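What TrEMBL records for this protein:
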- Lys52, Gly115, Asp316: FAD binding site (BINDING)
- Gly182, Gly183, Gly184, Val185, Val186, Gly187, Thr188, Glu189, Gly269: NAD(+) binding site (BINDING)
- Cys43-Cys48: disulfide bond (DISULFID)
- 7-326: domain 'FAD/NAD(P)-binding' (DOMAIN)
- 364-470: domain 'Pyridine nucleotide-disulphide oxidoreductase dimerisation' (DOMAIN)
Amino acid sequence: MTEQTFDAVVIGAGPVGENVADRIVQGGFTVAIVERELVGGECSYWACMPTKALLRDAAALRAARGLPGARAAVTGELDTAAVLARRDAFAAHWHDDGQVGWLDSAGITLVRGTGRLSAARTVEVTDAAGATTVLHARHAVVVATGTSARLPEIPGLADAAPWTSREAASAQAVPGRLAVIGGGVVGTEMATAYAALGSQVTLIARDGLLPAVEPFARDHVAESLKEHGVALHLSVGPQRVDRNGDGTVRITLPDGAVLETDEVLVATGRTPNTATVGLDHVDLTPGDWLRVDDSLRVLGADGEPVGDGWLYAAGDVNRRALLTHQGKYQARAVGDTIVARAQGRDVDLAPWGRHAATADERAVPQVIFTDPEIASVGHTAASAKAAGLRIRVVEYDLGAVAGASLHADGYTGRAAMVVDEDRKVVVGFTAVGPDVAELLHAATIAVAGEVPLDRLWHAVPAYPTVSEVWLRLLETYGRD
Ligand SMILES: Cc1cc2nc3c(=O)[nH]c(=O)nc-3n(C[C@H](O)[C@H](O)[C@H](O)COP(=O)(O)OP(=O)(O)OC[C@H]3O[C@@H](n4cnc5c(N)ncnc54)[C@H](O)[C@@H]3O)c2cc1C
Ligand SMILES: NC(=O)c1ccc[n+]([C@@H]2O[C@H](COP(=O)([O-])OP(=O)(O)OC[C@H]3O[C@@H](n4cnc5c(N)ncnc54)[C@H](O)[C@@H]3O)[C@@H](O)[C@H]2O)c1
């Protein structure tokens, strides 16, 4: 057993842990980061990057087919092998040398193995050979261990060798038939990807498609999935799942109907990676999500920071927003907070303050890379009402915007802006349509900046771009 002391110890070298460590080193302190699998985490190898690589070629093909001249030049079908090979490259062939090189260059010490809290400010790391290293932290320990796919308790499912998002992201062959259980972000994106790659896809969504997005956006995606040949079973959940001796999978629905498929992907949400992280040492329950205060310190059962506030949690594991960019935003806040506290400086936790992760509550952007894409930030109409805001929602047909009709023939889409009527600022924006992803950051700036509507009239969208929808939304809202 070896023992080492650092200013801070980070458990989990996903995108969030890496960024926490970087901020602390940038602040002049030493950090050890502990990783049990690949440096770079879920996002790099089994989530964001490989799944977007799986979707990208089909999106480019769709874009070409939306224009008559380009369509004439596209004579073949998708080259599946080339798509999978490009995806492999984006997953760095599941090797983390590049990311390890970055840790080295950033001055962060990597300790490979599984990290577990073993006492206050102490992390015990056990490597693959069973050797242990004890890491002491002078100031803080940060849990950034992320999440894993959650398997629902459907009889037979666990024994049917289901795919999770990991297998969907890293598959080396496209199944002839794929059933997807779950109509959330993973379910709809992977149904889109595999339908485009040639699978016959069935999607079973007990709670409907994308329940958290604006209904008009969800309807566009549902229509498009159907047009791409995806069979939708909405408002039903599987009763049981069995894999036969010949390898095929049988999914029994509540009405007794049986679906036969080659693979079944379970995309029913995430579970926090906290089962073996030593939460019992801080009187918390292993396997639970970590509740945090405004400075992302882990809260005990009594609602107070654990110990004297040495334990932090950032990224997926605190459940604030399960998105890479949002976790990295938290990482910057928490890294700077740890540095400020270690230097005896005040932390600024006022809304939008230097050390606050205010955007987690008010301005979370997300792109769902279905065909068409959904881009959203801040509130939907429903979430704004649930938050007690007095709102007015204006919508506009994206296809009627000059830039959109130029972008592709037959462009269809829609956008909505949610206005807080008491403050006259935009608190939410959603767009659905081909290539709307790149529209999103303007909306994020408007929402995070709380730009008054009066001033937004002076933010003139260039002609002829799809962004002109902003002007149309303002005109639809009206001006005194
Ligand atoms: C299919 C899919 C697609 C997605 N696409 C997007 C997208 O397009 N855009 C987006 O913003 N988000 C996307 N997400 C979400 C994104 O992947 C997560 O929000 C992000 O990975 C969270 O980062 P993290 O660092 O908190 O956790 P992770 O990336 O999960 O990293 C945690 C790390 O901690 C390690 N670890 C866990 N426990 C221990 C331990 N005890 N000791 C040592 N190491 C440990 C793990 O091995 C892992 O490397 C997607 C998710 C999925 C499932
Ligand atoms: N483009 C992106 O930003 C992106 C892409 C993929 C994933 N992610 C993130 O990853 C996280 C996980 O995604 P996800 O799709 O796994 O979770 P999710 O929470 O988005 O969706 C899970 C879905 O499964 C359904 N479900 C739950 N239990 C079920 C059951 N027993 N039977 C049938 N359906 C059931 C739920 O109703 C829900 O619609 C999300 O928070 C998302 O933000 C982001």
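Note: Cβ is positioned from N, Cα and C throughout, glycine not excepted.
Projection of TrEMBL feature records onto the structure.
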residue : record              : DSSP class
Cys43   : disulfide bond      : helix
Cys48   : disulfide bond      : helix
Gly115  : FAD binding site    : strand
Gly182  : NAD(+) binding site : coil
Thr188  : NAD(+) binding site : helix
Gly269  : NAD(+) binding site : coil
Asp316  : FAD binding site    : helix
Open item on the list: I need the most crowded of these binding-site residues: Lys52, Gly182, Gly184, Asp316. Count other C-beta atoms within 10 angstroms of each C-beta and give me the top one.
Closed with: Asp316
Open item on the list: Using a 10 Å radius around its CB, how many other CB atoms surround Cys43 (disulfide bond)?
Closed with: 22
TODO: Enumerate same-chain residues with a sequence separation of six or more from Gly115 (FAD binding site) and a Cβ-Cβ distance below 8 A; give 'none' if the list is empty.
DONE: Val9, Ile11, Gly12, Val34, Arg36, Val123, Glu124, Val125, Leu135, Thr145, Val277
Open item on the list: Going by a 10 angstroms cut-off between Cβ atoms, which of the recorded positions Cys48, Val186 has the sparsest surroundings?
Closed with: Cys48
- [ ] Work out how many Å separate Asp316 (FAD binding site) and Gly182 (NAD(+) binding site) at their Cα atoms, rounded off.
- [x] 19
Open item on the list: Counting other Cβ atoms within 10 Å of each residue's Cβ, which of the binding-site residues Thr188, Gly269 comes out lowest?
Closed with: Gly269
Task: Alpha-carbon distance [Val186 (NAD(+) binding site); Cys48 (disulfide bond)] in Å - done: 10
- [ ] Determine the C-alpha span of the FAD site listed in the record, that is the greatest distance between any two of Lys52, Gly115, Asp316, in Å to the nearest whole number.
- [x] 30
Task: Length of the line joining the Cα atoms of Lys52 (FAD binding site) and Cys43 (disulfide bond), in Å - done: 11
Task: Listed binding-site residues with Cβ under 6 Å from ligand 1, out of Gly182, Val186, Thr188 - done: Val186
